[in-house]
Amino acid sequence: MGMEVAAARLGALYTTSDYASVVSINLFVALLCACIVLGHLLEENRWVNESITALIIGLCTGVVILLMTKGKSSHLFVFSEDLFFIYLLPPIIFNAGFQVKKKQFFRNFMTITLFGAVGTMISFFTISIAAIAIFSRMNIGTLDVGDFLAIGAIFSATDSVCTLQVLNQDETPFLYSLVFGEGVVNDATSIVLFNALQNFDLVHIDAAVVLKFLGNFFYLFLSSTFLGVFAGLLSAYIIKKLYIGRHSTDREVALMMLMAYLSYMLAELLDLSGILTVFFCGIVMSHYTWHNVTESSRVTTKHAFATLSFIAETFLFLYVGMDALDIEKWEFASDRPGKSIGISSILLGLVLIGRAAFVFPLSFLSNLTKKAPNEKITWRQQVVIWWAGLMRGAVSIALAYNKFTRSGHTQLHGNAIMITSTITVVLFSTMVFGMMTKPLIRLLLPASGHPVTSEPSSPKSLHSPLLTSMQGSDLESTTNIVRPSSLRMLLTKPTHTVHYYWRKFDDALMRPMFGGRGFVPFSPGSPTEQSHGGR
């Protein structure tokens, strides 16, 4: 009898829990729909964009739930860095690589790497050293050198979504490629830095530890990139050889999606950077795999990846806004509100300084290597690049949760203050800086200060070769590529020279093996039948 009562109670509890989950999911999906509708209606608004709209809706929903539960809870779901890194981040980063305009991205690759990798390292050291000097004297709690270095990595991760939503990549392709490319490389570098810090004993730092740390950092960077390229090439080879689309377009679309996700998860399994892996997987897939599938699959994959990325981004901002008011996080820091506000202000100031510490000096160095005036970064563009990296987003929150939480919510004052301070910086920078982005860009770039109303990327961007000619069309042939005549040309115009040898290598070896535009052998019923028939 007792067992039957216990089983009945357990069943009732399970049913109640199940019902609550279904209600939460329904409400969250409804909120996502509201974010999309309101974001569309406010598209022309001077101050608000879709990201800020989702954040505001999340905050308002959190307030309503907080009032309805009498201060016990403010969220439908608990923020989980696992949910963020495993399910939400992969489609966003993959689509960034898949839809990127490769002509501009690789044309400015050295500058992007300079800002995204070297610049992030400068920002990391600036914020870390300042945090050690300032916070160690403020009696925050039991924070050590490793925690302060982690703070540097956490607040070096930018979120340039607000700026990218305002910039038009057709009107300002150079600036857009710099902001976009730096944002992706920055996130990858910050996460690689953060993960590398967890593998070392940072209590006793000497030259050997620093060298080992740098070696581990470059190993993660290069290995992750190689894995992404390998996964993209493997998908291209399989689809090209099997001609899956001849029998089922669903299978080739599914294979592209699953192999892209597999590359990310495999990188995480091997303790590499999933962001770098899936980003370069997206670039390689758009260069080879996408041209090996049928025309209907090309349209499907292009819009499917863009839609998944858009939903994930909206989900993230809604998620962050709703979870920001979680009472369980704030109650441990509530007895020191002044100190929490002071730390948030200091961190915000360090973000501003750390960003300026590399944007303007590195822009100056980059301009020294450029001959053409249109390739140099003007001071107005430098201000936009600096501003674009001031916002902090879900990456910073996820890393902060990973570092400063224990068993869900921390009981330590120092850790609690760092969590709440991170949330404060993210909310303030996204809301305040984000609202000022449109007016600022309209002031600095009046000719291109109109909201982007087009699709995330035009079909043309998916046809562009991996490295295209500097002046020509994305679809041009290789006949107009000038062969470099001397070592001097290699030194003075390295991009053109690398482009020439890359195209020779790509045409001779890569495309015959992995496919790509115009280089897949004709076979009746194959994905290239239509393209050959139209010639």
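Every residue gets a Cβ built from N, Cα and C, even glycine.
Swiss-Prot lists 454-469 with the feature compositional bias 'Low complexity'.
According to Swiss-Prot, the region 'Disordered' annotation covers 452-478.
The topological domain 'Cytoplasmic' annotation in Swiss-Prot covers 1-21 (among others) and rests on a curator's inference.
The topological domain 'Vacuolar' annotation in Swiss-Prot covers 43-46 (among others).
The topological domain 'Cytoplasmic' (68-75) scores a mean pLDDT of 70 in the predicted structure. Swiss-Prot lists 68-75 (among others) with the feature topological domain 'Cytoplasmic', giving a curator's inference as the kind of evidence.
The annotation topological domain 'Vacuolar' is assigned in Swiss-Prot to 97-114 (among others).
Positions annotated as topological domain 'Vacuolar' by Swiss-Prot: 159-173 (among others).
Residues or ranges marked as topological domain 'Cytoplasmic' in Swiss-Prot: 195-218 (among others).
Marked as topological domain 'Vacuolar' by Swiss-Prot: 240-264 (among others).
Per Swiss-Prot, topological domain 'Cytoplasmic' is recorded for 286-304 (among others), and the stated evidence type is a curator's inference.
Here Swiss-Prot flags 326-344 (among others) as topological domain 'Vacuolar', drawing on a curator's inference.
Feature annotation from Swiss-Prot assigns topological domain 'Cytoplasmic' to 366-381 (among others); the stated evidence is a curator's inference. Residues 111, 114, 174-175, 178, 444-445, 492 of the same chain lie 6 or more positions beyond the ends of the topological domain 'Cytoplasmic' (366-381) yet place their CB under 8 Å from a CB of it.
If you look up Swiss-Prot, you'll see 403-415 (among others) marked as topological domain 'Vacuolar'.
Annotated topological domain 'Cytoplasmic' per Swiss-Prot: 437-535 (among others), in sequence order.
Here the transmembrane segment (22-42) has Cβ contacts under 8 Å with residues 48-50, 53-54, 57-58, 61, 76-77, 311, 314-315, 317-318 of the same chain, all six or more residues outside its ends. Annotated transmembrane segment per Swiss-Prot: 22-42 (among others), in sequence order, evidence recorded as sequence analysis.
The transmembrane segment annotation in Swiss-Prot covers 47-67 (among others).
The recorded stretches the transmembrane segment (115-135) and the transmembrane segment (265-285) do not share 3+ CB pairs below 8 A when only pairs 6 or more apart in sequence are counted, and are therefore not in contact. Recorded stretches compared: 76-96, 138-158, 345-365, 416-436; the one with the most Cβ pairs under 8 Å to the transmembrane segment (47-67) is 416-436. Mapped onto DSSP classes, the topological domain 'Vacuolar' (240-264) shows 22 helix, 0 strand, 3 coil. Ranking 76-96, 345-365, 382-402, 416-436 by CB pairs under 8 A with the transmembrane segment (265-285) puts 76-96 at the top.
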